[in-house]
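Asker: Handing you a structure now.
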């Protein structure tokens, strides 16, 4: 029998210590990694429930185990809320990640050797859209589209490639693209050549839920996503689909890719979807966009170039070449000042992938803390201060002190 006072702190002091240090880091650092966010206490509470004990292979009402009557309620709540959030015909909330959601679509409609088309990783795409070392690049023939001279998606070239190669699946979506994507144009060319159309909206899901970014659901056969990032839920994935594709997607996820779903995580997803349906979430996402714009403008004013010269979402790529500093060094320097970001390749980057000429910045996490345009502008200036004085320890310490003032004034969990 377990005792209710058998806490983590008592059971595993080493692990507890590491978690407490991470908690302190999250509180005292400004988080600008575009794919990260802070989830709510309610989401974390759901993930820590007894649902973690339950195996539930199958789907609500069609399980391979007994005792699933209550987890059926949990999963159905998640499904219904998700469909309402995006106006979808059908939804699968079982994928353990965005990558597995993408794999579920691949398994449902493709065979090894089929041709797929996605955005080039080097120009802002995601590794699961055909990168050579990913299973998508190893199992399928990949045709990649990219950007034009304005660093916008080259839709004309994409259409030419689609007509020439006739891929079975066209993928839209990105991990480092700041502008709005014309999903309707992708859908038209997919229909013209008889291809399936999939959108990976992992980065934009929260913005889309709030109407701050175009919704791909009316145009795509399949829409995949993570549940964290801008959606602010637990780490996981989901798939939205047209009604006629529900059976093949469900079969692809279980038993095709996964066994028992993580019911405690699905509970966290259900909570996050309910939060995203609230009016406050729309206000939050509006501020996410405003803060990203303010951050980008502050950096531009300090002589830094933003790829595409603007952002229309939560994310931006910063070209560091004018400051004669690499993305790797910038990430480390900013980290020492308690500003967390990630190095990122820019289009046609001359540097190696682990070095890069840029950094990627995002506004969702700082907006969750309560930052508004004034704070976002200040953060932009603090970033520029560090990058302009990379060898000045006094600048690092001054910026760190300014960061501390901001994080004390805007705690993650009040």
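Every residue gets a Cβ built from N, Cα and C, even glycine.
Annotations per Swiss-Prot:
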- 121, 125, 126, 127: (6S)-5,6,7,8-tetrahydrofolate binding site (BINDING)
- 229: N6-(pyridoxal phosphate)lysine (MOD_RES)
- 228: site 'Plays an important role in substrate specificity' (SITE)
Asker: How many Å separate the Cα atoms of residue 121 ((6S)-5,6,7,8-tetrahydrofolate binding site) and the residue listed as 'N6-(pyridoxal phosphate)lysine'?
Answerer: 19
Asker: Around the (6S)-5,6,7,8-tetrahydrofolate site (121, 125, 126, 127), what further same-chain residues have their C-beta within 8 angstroms of the site's C-beta centre?
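Answerer: Residues close to the (6S)-5,6,7,8-tetrahydrofolate site, other than 121, 125, 126, 127: 118, 119, 120, 124, 128, 129, 130, 131, 134, 174, 175.
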Asker: For residue 125 ((6S)-5,6,7,8-tetrahydrofolate binding site) and residue 228 (site 'Plays an important role in substrate specificity'), determine the Cα separation and express it in whole Å.
Answerer: 18
Asker: For the recorded positions 126, 228, 229, work out the Cβ neighbour count at 10 Å and name the residue with the minimum.
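Answerer: So among 126, 228, 229, the recorded positions given, the one with the fewest Cβ atoms within 10 Å is 126.
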Asker: Around residue 127 ((6S)-5,6,7,8-tetrahydrofolate binding site), how many other CB atoms lie within 10 A of its CB?
Answerer: 17
Asker: Calculate the distance in Å between the alpha carbons (Cα) of residue 126 ((6S)-5,6,7,8-tetrahydrofolate binding site) and the residue listed as 'N6-(pyridoxal phosphate)lysine', and round it to a whole number.
Answerer: 15
